[in-house]
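*Asks:* Before we start, here is the structure in question, set down as structure tokens.
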């Protein structure tokens, strides 16, 4: 009795730790490695930027050739050597963060060498996709859709070769492709409404993933679903290169090429921004996945079906109708989850714009008004002196401050509170100061310094996803292993799982990747344990009350609404109104704030998130204990079983803009 739960929770802990390691190792540094960069001639300015293999320099015979390469998405940027001044070419659509590195590095080197340069922007990002994250957001429904339908259908039929499975996956892929395009295009306007070429691209990705999952099920049975999640979502998602392939570590640049997510990202990006150039390889790879999977399903699956075939019987029409009806239940769940991935993540994250960003002001100036615009609005608080403003920053109350009481004015930005706010504030205030012919200095300030392994404050938001997934997977798999959703010590089993899993993740992130300050190791362990146990107890209660559909409901509440409303590395001020308002009610926002403010802001501002999480823990822990000690009949949902929801939990992982 004890062995099965131990093994099940051990598997979940292993997957959660591997997931955290994959995500953090892929995105925590965002350093260019072999970034394709074009030049028309050698230049000491470019040489100054190309350190430690940051750039893969390609020489073009003319300015036109270089510009063509940029317009087709072959390079991340370029440098054209001129007679009196040089030209920097940037390609934001290729990589938002890559463009920041190129622009910052070249401008700094040019200034140091007194070289005059001008800048030409190719493939600029529109406001609807200002950080280039839409391609990653589009990956979510197409990747999830393919996996979920294959996984849930398998659990109902107990076979990967049921009649019409290939056709069903193709039909489902077509529906998901159309729905994804409608949501991202006409509804949310995250992509050009006329980009109908994305529909076949969405179809190809969804079909390739779905058929691959079915093929793996044919080969290894129910483990095929878990293997698909491990290879395509955890490993493939980490190496997808949504923020730019050249910003991934070398290992992930290579590993990502092996799996569909990388090629889906490249296909979507090249269709949207680069006129469909360089889509041949992604289409070929995805097509090969689909064709090879069909061959496995037909040949291997056909042989096994023939070997196990019994006498031919005529199926009763009523039984046939009932079989079709049962199959539609998991398909409907898969459709709902996939649609929510498309709608919720895209609506919350496709255009992060600061709305009423908390900001401090010392002195009197017109710069705060002039700096505000379509990308930035400020909620300005006036402080009597610089020390008062810095104290507010120490407490994590404001994203930055303008010290206008001295000359020149000084802008203080806080990299540890947001990855994007320092960029927006610096650009907005420098532009405003230049227009008003005022001098301005910029000072980054971190109350607690970011560790060397997390220079852009991305790690906490990244690792939070692994904690959430581990929490609800543990409750689902514990039920699956024991065959029931009740047990008098279930809450303690889940609490023990939380402590052990949190310790392993904390050790890996802190010491393996230097992603969390060493001084915060112990308190981080405690907070991570609380995060996991809250989600696991919530999942267990809903599972106990609603049956397997309770796990799906948890997935919807926590990942489909909670995670998009957490604010993450951008900060809650960058969320649209609806998402900003619901965030404080759900665990993920409070999880993130408790982690961030404890580690980087001296524990200031943690009262509300800590109280919210403790209330969740007390309520759901108490209800779970009551239900487990007073066992009542457990609900059963026809066509949906615990292994279905465990599989859904394993794959329902946001790949996100920086994955």
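The backbone N, Cα and C atoms fix where each Cβ goes, and this holds for glycine too.
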*Asks:* Which is it, of 491-514, 563-586, 635-658, that TrEMBL names as transmembrane segment?
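*Replies:* Of 491-514, 563-586, 635-658, TrEMBL gives transmembrane segment for 491-514.
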*Asks:* Is it the case that the transmembrane segment (134-154) and the transmembrane segment (7-30) touch, counting contact as three or more CB pairs under 8 Å in which the residues of each pair are 6 or more positions apart?
*Replies:* no
*Asks:* Between the transmembrane segment (491-514) and the transmembrane segment (545-562), are there at least three Cβ pairs closer than 8 Å, leaving out pairs fewer than 6 positions apart?
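*Replies:* In this chain the transmembrane segment (491-514) does not contact the transmembrane segment (545-562) - fewer than 3 Cβ pairs sit under 8 Å.
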*Asks:* With pairs closer than 6 in sequence left out, are the transmembrane segment (7-30) and the transmembrane segment (226-252) joined by 3 or more CB pairs under 8 Å?
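*Replies:* Yes, the transmembrane segment (226-252) and the transmembrane segment (7-30) are in contact.
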*Asks:* What parts of the chain pack near the transmembrane segment (190-214), using Cβ distances under 8 Å and only residues at least 6 beyond its ends?
*Replies:* 128-129, 134, 137-139, 141-143, 145-147, 149-151, 154, 160, 165-166, 169-170, 172-174, 176-178, 180-181, 184, 224-225, 228, 232, 260, 264, 267-268, 271-272, 276, 283, 286-287, 289-290, 293-294, 297, 346, 350-351
*Asks:* What residues elsewhere in the chain lie close to the transmembrane segment (610-627), defined as a C-beta under 8 angstroms and at least 6 residues from its ends?
*Replies:* 486, 490-491, 530-531, 533-534, 537-538, 540-541, 544-545, 584-585, 587, 590-591, 594
